[in-house]
Amino acid sequence: MPRWLSAPEHARHRTVAASAGAPWTPRRVAMIAVHTSPLEIPGCGDAGGLNVYVAQIARRLASRGIDVDVFTRATRRDLPPQQRLAPGVTVRNVVAGPLEPLPKDELPVHLCAFTAAVLRAEAMREPGWYDVIHSHYWLSGEVGRVASQRWGVPLVHTMHTLAKVKNAALAEGDVPEPGRRVIGEADVVAAADRLVTNTWTEARQLVDLYGAEPDRIRVVPPGVETAIFRPGDSARARRRLGLPIDGCVVLFVGRLQPLKGPDIAVRAAAEFLSTHPGMRSTFRLVIVGGPSGSRSTEPERLRALAADLGVADAVIFAPPMPPDRLVEFYRAATVTIVPSHSESFGLVALESQACGTPVVAARVGGLTTAVRDGESGLLVDGHDPARYAGAIGRLLDPGLRAELVRGAVAHAMRFHWDNTVEGILGVYRDALAERRTAATQRLASRVG
């Protein structure tokens, strides 16, 4: 293990909360989320964990007296130029390209227009309006690095996913991330004052795959909204959702795209029923989510797969849900399945555990942090549906499930958005202090 990734080194130098007393607290932050708005419901199109992350961080920064503007691309004609996400948080809908959803691979050609609009918005303010830029995903990082140079303020960037990591773990039917993205990510890595990762695994990937400087990386785990996602009455939730009161309910939540492995969930359901035929009438696989991208045919493919496998009657499809409705699905589930081929963290796994529902997940990426194997859920090596079916079967043991339920809640409680935002604030302060120290040194050298 590289020295900078060792646990003692982390405790000594990389704990961002340690800088919480630093004087360089920003007044205003420009957040950039080009391809998806924090106002969208996760689970459909390009809306997912990134939306949740941006919304939660922005709200909590504002609650600490920091104004936040979130710049995102307008995708509908009826969208106003500005929308209020929360007190102190303004979502600015930037016109860049057609006013409709576009696949992410079509967005790079509109980045110049987007960047120009962001720069114009700042130009109408007094000089030095924004203190920090925080960009999310590589497309936003491309905008952020130009704005950072123009405004002379630090760029903090969160990748959320990495092209090289995704390309190394492609699902069947998926397409590789384009070379343009790989180049763009490398440019952002080189330009950012600080790179925020969800886990140490992601930090290593930035160093090993992109040549990132370790001293500029900060690990800040995301959180879970425990005011919403908390344990509740499972039987009541099942009655509300029309699910069997006594039986096995497997839940999948997420965008319906090969990367997330919804087909593995369907195949695992078929495997489970082949070994537990007596549970046919009380087993349900509930898939909550929508297509990823406006041209996706994944929902139809999954329905056809369920029919081909003879389990169409046991598979229920539901559209993306807002948090206050999604929590009912988590509470109703026996287990949540997360068979992703690549995952930078896995907020779905954390939300499920916070509700007291154990998780069966792939042993990949950030899921190895989001789930404690054998304590809050079960991690599965590879993507063989039979292995997932076997893990689901293990949770039929009342003793094991009760143990995992307790462990799931305890593990989720370690992750809170308030801790995350304190970590992010530490990163901002760190970057601001470094910039201002460098400016002071440059001035002193000229005077000397």
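Note that Cβ sites are derived from N, Cα and C of the backbone, with glycine treated the same way.
Listed in Swiss-Prot:
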BINDING   HIS35, ASP46, ALA47, GLY48, GLY49, LEU50, ASN51, LYS104, TYR137, THR161, ARG181  1D-myo-inositol 3-phosphate binding site
BINDING   GLY49, ARG255, LYS260, MET321, GLU343, GLU351  UDP-N-acetyl-alpha-D-glucosamine binding site
BINDING   TYR330, ARG331, ALA333, THR357  Mg(2+) binding site
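Overlay of Swiss-Prot feature records on the structure.
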| residue | record | DSSP class |
| --- | --- | --- |
| ALA47 | 1D-myo-inositol 3-phosphate binding site | coil |
| ARG181 | 1D-myo-inositol 3-phosphate binding site | helix |
| ARG255 | UDP-N-acetyl-alpha-D-glucosamine binding site | coil |
| MET321 | UDP-N-acetyl-alpha-D-glucosamine binding site | coil |
| ARG331 | Mg(2+) binding site | helix |
| GLU343 | UDP-N-acetyl-alpha-D-glucosamine binding site | coil |
| THR357 | Mg(2+) binding site | coil |
Look up HIS35 (1D-myo-inositol 3-phosphate binding site) in the DSSP assignment and reduce it to helix, strand or coil. coil
If you measure between the CA atoms of GLU343 (UDP-N-acetyl-alpha-D-glucosamine binding site) and GLY49 (1D-myo-inositol 3-phosphate binding site) and round to the nearest Å, you get 10
Within 10 Å of the Cβ of HIS35 (1D-myo-inositol 3-phosphate binding site), how many other Cβ atoms can be counted across all chains shown? 21
How far is it from THR357 (Mg(2+) binding site) to ARG255 (UDP-N-acetyl-alpha-D-glucosamine binding site), counting Cα to Cα, in Å? 20
Inter-residue Cα distance where the pair is ARG255 (UDP-N-acetyl-alpha-D-glucosamine binding site) and ALA47 (1D-myo-inositol 3-phosphate binding site), in Å: 8
Among all the protein chains here, how many other CB atoms are within 10 A of the CB of ALA47 (1D-myo-inositol 3-phosphate binding site)? 21
Neighbour count check, CB within 10 A, over binding-site residues ASN51, THR357; minimum at ASN51
